[in-house]
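Annotated features in TrEMBL:
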type	residues	note
DOMAIN	1-137	domain 'Polycystin cation channel PKD1/PKD2'
TRANSMEM	32-54	transmembrane segment
TRANSMEM	75-96	transmembrane segment
TRANSMEM	108-133	transmembrane segment
Amino acid sequence: MFVAFIFFYTVKKRVDVVVFKRKYVDSVWNGFGLAILMLGYGIICFRIYSYVVIEPQIMQHIFGKKFSNFDSFALYQEIYNFGAVILFTFTWPIIFKYGGLSDFMFKFVGLLVKQCIEIFKILFIFFIIIATYNRTISLL
C-alpha cells in the first residue's frame, strides 16, 4: 500500500509541476509534498536494501554456531525507524489538508474538552466521597 501511495503521489506531483510550472514552488504544502516523496523513495530503497542484503546476513548470524553481534543490524533498524517517523511527521499535515479533517477535528476537540471537564468533575466528587469515607472509617 505504501509503495502504491508513493507511486500515485509521484504521478500527482508530476502533473502539478507540469501544470503550474514555476508557481508550484511558491507553496509550503508543495515543499511538504516533495519532502514526502524524497523520504518515501529513501525508505523504499532502504527496505529493498535490507531485504536483499541485511536479512541474509541476519539469517547467517542466527544459524551460525558462534556468538553473534547484532549491533550493526540494530543501527540499520534505528535509521529505518527514524526515517519512517520523519515521513509520518511530514505526512500528517498533508492528510489533514486533503482529508478536510481540520473542521471535523476542531469540532471533535471541542466535544472532547467538554467531555473531559465532565469526567473530571465526576472524578473530583468521587475522590471527595472516598476521602470522606476513609476519614470517617479512621475516626471509628
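Placed from the backbone N, Cα and C atoms, the Cβ positions cover glycine too.
Curation does not apply to TrEMBL; its annotations are automatic.
Beyond its flanks by at least six residues, the transmembrane segment (32-54) meets 2-3, 5-6, 9-10, 13, 73, 76, 79-80, 83-84, 86-87, 90-91, 93-94 of its own chain at Cβ-Cβ distances under 8 Å. The DSSP breakdown of the domain 'Polycystin cation channel PKD1/PKD2' (1-137) into helical (H, G, I), extended (E, B) and coil residues amounts to 127 helix, 0 strand, 10 coil. The average pLDDT the prediction assigns to the domain 'Polycystin cation channel PKD1/PKD2' (1-137) is 80.
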